[in-house]
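Student: Take a look at this one; I'll ask things after.
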């Protein structure tokens, strides 16, 4: 099935994302090969200092300081150095050498995106940059391809994890900005110099990239209106909460018409804003990112996930590498759709999950102990039990009656049992045994509990 | 810039999605051409009855009953007829005639996906089907391309809008299943025969498609374990709510290991399950869809939006048509990245949004009237005003004091004003004027309100 020659992949930079990319390319080599239709060989990693200490276990023979030489022998160049230079020169050199480029460099794309795209177009190469906006979240490809037949009206993005962590902490814990920032720094959410994040520079770069893609219009990062979150007070956040809002730093890209001149155009802006607690973006907590897209035909869409992190961002980089590689192999999505894995399809009996079982039982001493022992016999671990008396007229609950086994009522009670993860097989045997018990009037419901 | 010959697009079916696709292809012809690098000409629409009444304004000359003839003269064939036959034969004929195919036919893909993919691969054509799962939400492309370098562990999908509408109504309003279904039918969320939705057949088809894509494994729809929502009672939903859960019909695709045999495989299943109210899927209300993907490197991702609807689904179809067309033109994403629109970038002054203004004012009669008149003079419409006394020791609020203008306190009060949509220019002039008033101690904060 793998008929194409192996592709040569060069990596520029070995920071937290780069190291993860190198590890995944090596450890998942065969799996990636079967998805691409060709092996992806990591031929070298360009770094400034070959002997610098690394945390990830990377073959030291891969490191080189000769970035230009490495680039020239590659089919695909992954740039994860950050900053404008020498990243820009390296990427231009890669494109001119006929390589496709994958980059996560938002600063460079915001400042020189059009130049890089023009260089790529001239030689028929591609620049991929899914990792540059909102980390692991696929947003570039949906905007470029999935919505290519639609018209984007507005994008509201939470695209900076540091500021979202800070504002979420202020909202949830009533913290001041200063305290929340201190915690963010301590936990590694904020860098030693947090200016780029808290003053909105990082979000503005992402807004420029998103606006360009959504509106087919060059948007220089200097044209993005930018306000940071340093002036947001605990009082403002509390006031917002009282009024049903939450404060979020939003990157907004919008088709607007100037009310005075009537000129139709594009607005790209970053500022802290209030958003209704009913809005899907309000539920984006901690360091997470989300991009909410309002399109003419598609309506409202939201893309949610991890906006940063070495391994998470590496996923986006590798997705782009596979796309670039498939283009080399077949000029299309390659073997994306083959079922090379053909894993066994297991029946429902093989599934393990959590369960909620609701039983109507005699309200008599010893019932809970009897039921509990049946769970235990089948190896199903119980997480919680709640009990209420179903048959008494008042409808009042007596959560402790069965648990203590002291009830002498002749009525019935409802038991709601939630289990830890158990196998479907063990659970169904347990439920069958329970149903057979004389003290059990009926099994009212068995529902699975998912998402944990 | 448009150097390539126009591409010939054939449409099979003129139902609610098909009619919207035809309209968008015609009305957005020039815009689509600039995105593709070639015109997309709708050359015909195959229907069973040319003279059937249509709601959409489509040129009657486009209709034909000769589907096979139409297919043979097309570069791209869009199949939106639904059902297995004759859709399957038409698609195979299109592929064998060298056309790329775009389809939203989940039943066909679930039953014959591997056959269609094999036929496409043999002739080097492509089958696109973003519209087949979760309507407008881009999920196929992210799974196939964005996550191509990652390993999917589990997918939890709310992929059927009808059942989500019903379960949401039961949850929010305490409705019975029967009542909620009746309302869903009345509002057009459920079909006259709702079996395919409420018994989980529709979700099972989507689960088969998602599992195949996520795990590179053929998953026949018969192998998907399926339970519907007809047995879900109001009592269960209330019980779930009390315990911090919500009931959702989930399509679950998961890599699992059978606990008895140790066999590593795939599980695809559909059933109503409890999910924590803290989980992002719990916030998916009404007829919306969402797909939650847990990947090894990327972590948790969620894709949210409209799962059905003619115009919404047409957006997904057109995205696929553009992708297919770009492949014809350039063997790649074509002119996706050009900035052919180059719209004017408008400054922050051109933006219109809502605002929350917090003022510290003298707690004296007539203050509110004075402030209100300033808003009115600048044409800024006020939505709500809330007032609390800031300077009194007790900290108690007196929401009506200023509104009635009867206060004779010499302290200060806080006014929180939320406006309707206003222009940034008008708002900033209003705020400047307010700041100049003697009765205004200070403008505490001006925040924009977004997302409405």
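Here the Cβ of each residue, glycine as well, is placed from N, Cα and C on the backbone.
As annotated in TrEMBL:
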type	residues	note
ACT_SITE	B:206	active site, proton donor
BINDING	B:12, B:13, B:14, B:15, B:16, B:17, B:18, B:19	NADP(+) binding site
BINDING	B:191	L-homoserine binding site
DOMAIN	B:356-448	domain 'ACT'
Student: Could you state the whole-number distance in Å separating the C-alpha atoms of residue B:18 (NADP(+) binding site) and residue B:206 (active site, proton donor)?
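Tutor: Per the Cα atoms, residue B:18 (NADP(+) binding site) and residue B:206 (active site, proton donor) stand 20 Å apart.
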Student: Could you round the CA separation between residue B:12 (NADP(+) binding site) and residue B:206 (active site, proton donor) to a whole angstrom and send it over?
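Tutor: Cα-Cα, rounded: 22 Å.
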Student: In the same chain, outside B:12, B:13, B:14, B:15, B:16, B:17, B:18, B:19, whose C-beta lies within 8 angstroms of the Cβ mean position for the NADP(+) site?
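Tutor: Going along the sequence, the neighbours come out as B:11, B:20, B:21, B:22, B:80, B:81, B:310.
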Student: How big is the gap, in Å, between the Cα of residue B:17 (NADP(+) binding site) and that of the residue listed as 'L-homoserine binding site', rounded to a whole number?
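Tutor: So the Cα of the residue listed as 'L-homoserine binding site' lies 16 Å away from that of residue B:17 (NADP(+) binding site).
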Student: Run through the Cβ atoms and count how many others sit within 10 Å of the one on residue B:15 (NADP(+) binding site).
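Tutor: Looking across every protein chain shown, the total is 13.
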Student: For residue B:19 (NADP(+) binding site), which residues in the same chain are close in space, meaning a Cβ under 8 Å from its Cβ, but six or more apart along the sequence?
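Tutor: Looking at Cβ-Cβ distances below 8 Å from residue B:19 (NADP(+) binding site), excluding near sequence neighbours, one finds B:54, B:55, B:56, B:58, B:310.
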Student: Where does residue B:12 (NADP(+) binding site) sit by DSSP, helix, strand or coil?
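Tutor: In the DSSP reduction, residue B:12 (NADP(+) binding site) maps to strand.
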Student: Per 10 Å Cβ neighbour count, which of the binding-site residues B:14, B:16, B:18 ranks highest?
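Tutor: Compared across B:14, B:16, B:18, the most Cβ atoms within 10 Å surround B:18.
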Student: Relative to the Cβ position of residue B:17 (NADP(+) binding site), how many further Cβ atoms are located within 10 Å?
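Tutor: Its Cβ has 25 other Cβ atoms within 10 Å.
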Student: Taking the Cβ of residue B:191 (L-homoserine binding site) as reference, which residues of that chain separated by at least 6 in sequence fall under 8 Å from it?
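Tutor: Counting only residues 6 or more apart in sequence, the Cβ neighbours of residue B:191 (L-homoserine binding site) under 8 Å are B:162, B:185, B:197.
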Student: Rounded to a whole angstrom, what is the C-alpha distance between residue B:206 (active site, proton donor) and residue B:16 (NADP(+) binding site)?
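Tutor: Taking the Cα atoms only, residue B:206 (active site, proton donor) lies 20 Å from residue B:16 (NADP(+) binding site).
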Student: Run through the Cβ atoms and count how many others sit within 10 Å of the one on residue B:13 (NADP(+) binding site).
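Tutor: By my count, 26.
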